[in-house]
Amino acid sequence: MRLIQQTNINFVGHRRTFFIISGTVIILSILSFVLHGGFNYGVDFTGGTLLQIRFDKPVSTNAVRSAVNAIGEGSASIQQDEQGDFFIRVRAKEFGNGKEGFSHRLGKQFKASFAGNNFELLREETVGPQISKELQGKVLLAVLLGIVGILIYVTIRFDFRFGIGAVMALIHDTIITLGFVSMFNKEVTITLIAAVLTVIGYSVNDSIVVSDRVREDMRKWRKESFMSVVNTAINRVLNRTVITSITTLFVTLAFLFLGAATVKDFAFVLTIGILVGTYSSIFVVANSVVEWETRLPTKRRR
Amino acid sequence: MLVVAIALAIWSLYPTYRLYFRMPKYKRAVEAKLSRATNHDDSLKVQLELVRLQKETSKLHKSSLHLGLDLVGGMHLVLEVDKSKLTKEEARDAGDRALEVIRNRVDQFGVFEPIIQKVGRDRVLVQLPGVDRERAKTLIGQTAQLQFQLVADERSTYDALKTISDKLEASPSTDTTAGSDTLKTLAGLDTSSEDTGWTGQVEEEEAGSFMGYIQTIGGDFGVDDADYPEFHRLLENGRPHWPKDYVFLFGSLEPFEGRDVRRLYLLKAVPELRGSAIKDARPSPYRGSDPSLSNTWIVSLKLARRDAAVFARVTGRNIGRRLAIVLDNIVQSAPVIQSRIPDGNAMITTNEVNPDEARDLAIVLRSGALPAPVNIVEERSVGASLGNDSIRRGIQAGVIGALAVLLFMIIYYAAGGVLADFALVFNVFFLLAVLAGLHATLTLPGMAGIALTIGMAVDANVLVFERIREELRAGKTTMAAVDTGYDRAFVTIVDANVTTVITAIALYFIGSGAVRGFAITLITGLIINVITAVFLTRFIFDWYLSRFEVKKLRI
């Protein structure tokens, strides 16, 4: 079976169009980030407490809200997932009565407000402000470490230009993925950052496959123009790029629709990241190298 | 080689399989037997079986793939020493003191596989699978209690135990619930019923074996750790028959002749001195005149001036007896009083050439003297029901995702797809085996990581197959196309996986438990990927081609 027959699409020729598409989505992503006033950070990064509570009998969000207000934590955010579990989150700075015994006080209040309805505290996460500050630093370090590591490896194995191409694609994918995180107002937790880093790995993986083919074909067809070699290479790996994305998407989609609450957002980021990563490996990586090559031609090619 | 690898993988996975699939069934069966047991002898037999089961489980656990707290439920705490009220000198080893105190307390819980680690200079990480949060928090957050109590001699300890044994035998059905209530109020915890899971189900009295549990450990009485919960319960039931003004306390867990044991002490209930009496305690090499102690380590103890007089009186009156150092109701050490100590400068000999014991004891003594208050700076707890829910949904999603991939590959690549699927199944199998071999912890993101490697494992095969198709189109023979396909794709596969491993390593450094689990699964998965995709499938491909002289490859 073949999904895509032998193609000869002029990807390189239309590179400006793709640059405009990418540019627009990036601008939209940044816009969403600005309009939302930054990310919706979880307690990992803001400090504070997150409780996940399940009631035996259904309870309305308003009823939970008034119970939370009753203990003086009006700034708490309350969400309900499709299973009916409530997620109550209070940021460190927003505690009305201090974080000490928050879950205890809330438990007491719930017992009073919802008499005759049993509930269970499924999960509690409390992160102190010091820890959250450290986590921010660690995450930043991990992301930088990852990007620098990739840049070094790609530079050793390929041309520096492909290193730049791969990193451009990586930044492109990361900004757009984070843009979707912001558009859908997903909570930014450590797990979500792990997903973003995985997307970075996946994005580079895809870029490498394209770059590898360009490098190989360049040796074979020395007489062809750089542009046409790149274009043929993209067409040749197109099938692989699409199929790998499909199989990986099968898995991430399964987790997105069937996974537990904590894995859902993780799967969401991966799904978006794979889609964007696939797009960028076809339309952005090689094209940005071509663009560079056209403007600043290298004299001698290896 | 393949056979060896498979055998190794099975060997590595077998304990995990037994722990999670066989043991629960076995346990249920034994428990059912226990509830059916009508007479005394039957229930005794079943109880022995339970003890064996417990030992077996903890042995298996040491060589299995662990499940993270987010899957089994439990709590993760990071405690930080509050140094704001300590002087610079006092603050220096506050982290070590807090660690010692916390370890001592967690030890009392009887938690299965707790993790207690010092993180950085003054933080302690505690992970307690399947523990009641409120109880754990209260217990761990308390300030340390250090006391010095006189030890009863061997004869009276034995007599007291014998009395309890006789009384228990005379009245076999003491009220068990009353017993565990006393226990709770005594130490603020209840090791006997909830934590170990099944010992609490023992309803029948088993007084006959009370003395049977007791063994001698280097001159003291003690019990095997596996017998500890049951023995402890019996001992508490016999509390009304304890000698007046005396209490039984256990020592901390220690290795003895290849087993874990706890010593048992009979102590005077009223302490002679409290921890606040200690001014300082330091480990140092022995410099005295006794030749039998040369090269050994001691702890030199300095008492506050006002307590030195009390100490002088206590030591003067009790030469030859033992004075136990008790931290949070656990006996840490019970040195013999050699002479009257008039000036508050005591020396505790350890008879050890190794300084570890002296150092630990000094920390214990200082932690009683200088409580290092701790604050909880991070707390994550997951209820067991949520954990079960996560496992169930994780497996469901993983299986459906994997099946979709397997099916797609067969439809798309026909024979090649079957081969790729075969490699995929091996891949996951090897991945689990390696993780079990590393005793890695499987977390919720880790499960997603395994699923993700499935998606990416296919990538290597897709690269190869697409390349083979291309070569075939270019007019090469089947054999040549397969060869070139593998050779060309190999470079790409390695390049692509190395970069992903680089990001996974970066992820590992973020360091939080669940994410680390994900990073480890991903790294291991990718390495195995390359191996199975490049070597395993190629091996099969070559074999298939040469065996059947394939003219036309359907791929």
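Backbone N, Cα and C define each Cβ position, glycine as well.
Per TrEMBL, the feature transmembrane segment maps to A:18-39, A:139-156, A:163-184, A:190-210, A:237-260, A:266-292. Under the heading domain 'Protein export membrane protein SecD/SecF C-terminal', TrEMBL lists A:116-293.
For the transmembrane segment (A:266-292), the residues of the chain that approach it from at least six positions outside its boundaries are 11-12, 15, 18-19, 21-22, 161-162, 164-166, 168-169, 172-173, 176-177, 180-181, 184, 186, 191-192, 194-196, 198-199, 202-203, 206-207, 209-211, 214, 226-227, 230, 233-234, 238, 241-242, 245, 248-249, 252-253, 255-256, 259, judged by C-beta separation under 8 angstroms. Scored by C-beta pairs under 8 angstroms, the transmembrane segment (A:190-210) has its highest count with A:163-184, from the stretches A:18-39, A:139-156, A:163-184, A:237-260.
Long-range contacts of the transmembrane segment (A:18-39) within its own chain (CB-CB distance under 8 A, at least 6 residues past either end) are made by residues 11, 172, 175-176, 178-183, 185, 188, 280, 283-284, 287, 291. Counting same-chain residues at least six beyond the ends of the transmembrane segment (A:139-156), those with a Cβ under 8 angstroms from any Cβ of the stretch are 162-163, 166-167, 170, 190, 193, 196-197, 200-201, 204, 208, 211.
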